[in-house]
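Report on the following structure.
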Amino acid sequence: MSGWQLAVLLTAMFMGQFDFFVVNVAAPSLRADLHASDGALQLIVGGYAFAYAAGLVTSGRLGDLFGYRRMFVFGMAGFAVTSLLCSLAATPGQLVAARLAQGLAAAAMLPQVLALITATVPLAVRPQAIAWYGVASGLGSIAGQVLGGALITANVADLGWRTIFLVNVPVGIIAALLAWRMLPTASPRQQSGLDPFGAMGAAMTVAAVLIPLTIGRSAGWPVWAWVCMAAAIPLAVATLRWERHLTGRGGTPLFDVTLLRLPTFRAGLLANAAFMCFFGSFMFTLTLLLQAGLGLDAFQAGLVFAPAGVAFSISALAARPLLTRYGRRVLLLGSLLTAGSLGVLAIILDLVGIHASLALIVCLTALASLGNGIVLPSLIGAALVDVAPERAG
């Protein structure tokens, strides 16, 4: 795989992360322009994540069936279309629906990125490709804050927050065309079909967790929210049992449960899940504090994260050589740096609240991102190190 081909793939990773975080800085504008309630804002932010999580495994399987390049192009084109729909929304309900569709489009394209890297990049240079994958993910997260704030503050053509979605349209169209022309056609795996029961079980499990967490607080934590979250455990168990049953009788399950026997995959999966949960909530909460608490506008709030983006990029690219030389101690150092920085920041904010020094917030956020850059690409690589290329989707 050439550098240009990898760049096209990483554009998708950047865009997917960008649009997850860009609505953080847009929250006050959405509240004012669309008269969105707290619950609606949470659905606008969380709806994208819910649809992405619900469709992720199924889309990976569709890539196995129909080809990674084809699914990548389909998802990228869909991402451009749904971004346009987001920009045209006139009510909170319309924007929530468009964000759900956008999350499904992201779910269609993003699994194909790692699948193509794993299937086509030689093992000797694959860690470097995965390191760049981590860089694209981190930069997309930070750019969502920085560029999103700049676009909203610039108010191009009096479009306000709508430009954060419109910017995806030309980029998505160009990326889809380049992908169809440039990306390798990795042969799809010969499978007998989809696994509708597995897909339904996975989607219901995700919904049972994410929907209550998204709107439960604004609704006053009603009984149904707790019931849904409790139901997620038996739903997950039932889904895994079905997948094992399907595997045992020679079927083609949605999720290859035999991967869970790989210690590296199991540990990497759990660590990635924990990382993404804390990182997303941290970015959202800090952005609201900067705007609602410290009185910064969208652009100023975004700039707070700019040093974090630089720190993440540097450490992500340096992580592989450091790991080769010093081993797992580097991962421990990165984890401690992130945890320590966020812990100190939490204590300071708890003690002094909105009177906290902005410079101190910037420094601690950058230090946390420095640690993140060491850890995230390594977690992704660790999860995939023992996965055969034909099982990458």
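Backbone N, Cα and C define each Cβ position, glycine as well.
Note that TrEMBL annotation is computational and uncurated.
Record features (TrEMBL):
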- 5-393: domain 'Major facilitator superfamily (MFS) profile' (DOMAIN)
- 7-27: transmembrane segment (TRANSMEM)
- 39-59: transmembrane segment (TRANSMEM)
- 71-91: transmembrane segment (TRANSMEM)
- 103-125: transmembrane segment (TRANSMEM)
- 132-153: transmembrane segment (TRANSMEM)
- 159-180: transmembrane segment (TRANSMEM)
- 192-215: transmembrane segment (TRANSMEM)
- 221-240: transmembrane segment (TRANSMEM)
- 269-292: transmembrane segment (TRANSMEM)
- 298-318: transmembrane segment (TRANSMEM)
- 330-352: transmembrane segment (TRANSMEM)
- 358-385: transmembrane segment (TRANSMEM)
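Counting Cβ pairs under 8 Å that are 6 or more residues apart, the transmembrane segment (269-292) and the transmembrane segment (7-27) reach 3 or more and are in contact.
Per-stretch counts of Cβ pairs under 8 Å to the transmembrane segment (159-180) identify 7-27 as the leading one among 7-27, 298-318, 330-352. With a cut-off of 8 Å on Cβ pairs spaced 6 or more residues apart, the transmembrane segment (192-215) and the transmembrane segment (221-240) reach 3 or more such pairs and are scored as touching. Away from its own ends, the transmembrane segment (39-59) comes close to residues 16, 19-20, 23-24, 27, 30-31, 71, 75, 92-93, 95-96, 99-104, 106-112, 194, 199, 202-203, 206-207, 210-211, 213-215, 217-219, 254-255, 280, 284 of its chain (Cβ-Cβ under 8 Å, at least six residues beyond either end). No contact links the transmembrane segment (7-27) to the transmembrane segment (221-240), because fewer than 3 Cβ pairs that are 6 or more residues apart lie under 8 A. Sequence-remote contacts of a segment are chain residues at least 6 beyond its ends whose Cβ falls under 8 Å from one of its Cβ atoms, and for the transmembrane segment (132-153) they are 6, 10-11, 13-26, 29, 113-114, 117, 160-161, 163-164, 167, 279, 283, 287, 297-306, 308-309, 312-313, 316-317, 319, 369, 372-373, 376-377, 380. If you look at the transmembrane segment (298-318), the same-chain residues 6 or more away from its ends with a CB under 8 A from one of its CBs are 25-26, 28-29, 131-132, 134-135, 138-139, 142-143, 145-150, 152-154, 283, 286-287, 290-291, 334, 358, 361-363, 365-374, 376-377.
Within the model, the domain 'Major facilitator superfamily (MFS) profile' (5-393) carries an average pLDDT of 85.
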